[in-house]
Amino acid sequence: MRAALFPGSFDPITWGHIDLVKRASLIFDKVIVLVANNSNKSYLLSDIERYELTFEVIMSLGWTKIFVDKYDGVILDYALKNNIGFIVRGVRAFHDFEFEFERYVVNNKLNSSIDTVFLPSSDKYLFVRSDLVKELIKNKNFNLSNFIPELVQKKLKSKFIDKLS
């Protein structure tokens, strides 16, 4: 079975993430969406909230080959422990590719048994990113249907509407 890992912070999960997961599931027998923590990032949602929201969204789509997990450690270690041979990374533009390629080189030097597959963003989601969603939320813009699913909008609105007033 060819399994792949699609790691990210998913703060919050966007239509762009969902599109990449769906496309990865066409290539691999199993895709694990891994909600990971990055100590260099500050998050809008807690790690539990990010995991639960990502899980709810993915499960609501009814995809049988896609699973959600969370991990607070080195992504390469998770892949090794779970016998996963591929890491899927989405790239929107050249600067994403440059960053992800550097990450691939480091991972390859640490363990060459795990390969990286780069998937370009679909045109429709080229400018969709979690940072943009967070910026819009902070500016009290909750009409985000082009960026995130309704389930995510409701969660963010209920969590932040009072804090931002």
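Including glycine, each Cβ sits where the backbone N, Cα and C put it.
Marked as ATP binding site by Swiss-Prot: Ser9, Phe10, His17, Gly90, Val91, Arg92, Glu100, Tyr125, Leu126, Phe127, Val128, Arg129, Ser130, Asp131. The secondary structure of His17 (ATP binding site), as reduced to three states from DSSP, is helical.
Feature annotation from Swiss-Prot assigns substrate binding site to Ser9, Lys41, Ile75, Arg89. Within 10 Å of the C-beta of Arg89 (substrate binding site) there are 21 other C-beta atoms, taking all protein chains into account.
Taken from Swiss-Prot, the feature site 'Transition state stabilizer' applies to His17, supported by sequence analysis. Cβ neighbours of His17 (ATP binding site) (same chain, under 8 Å, six or more residues apart in sequence): Phe6, Gly8, Phe10, Val33, Gly90.
Fewest Cβ neighbours within 10 Å among the binding-site residues Ser9, Ser130: this applies to Ser9. Under the DSSP three-state reduction, Ile75 (substrate binding site) is assigned to helix. Nearest in space to Ile75 (substrate binding site), taking C-alpha to C-alpha distance over the binding-site residues Ser9, Val91, Leu126, Val128, Ser130, is Ser9. Ranking the binding-site residues Leu126, Val128 by how many Cβ atoms sit within 10 Å of each one's Cβ puts Val128 at the top. Here Arg89 (substrate binding site) is positioned 14 angstrom away from Leu126 (ATP binding site), judged by their C-alpha atoms.
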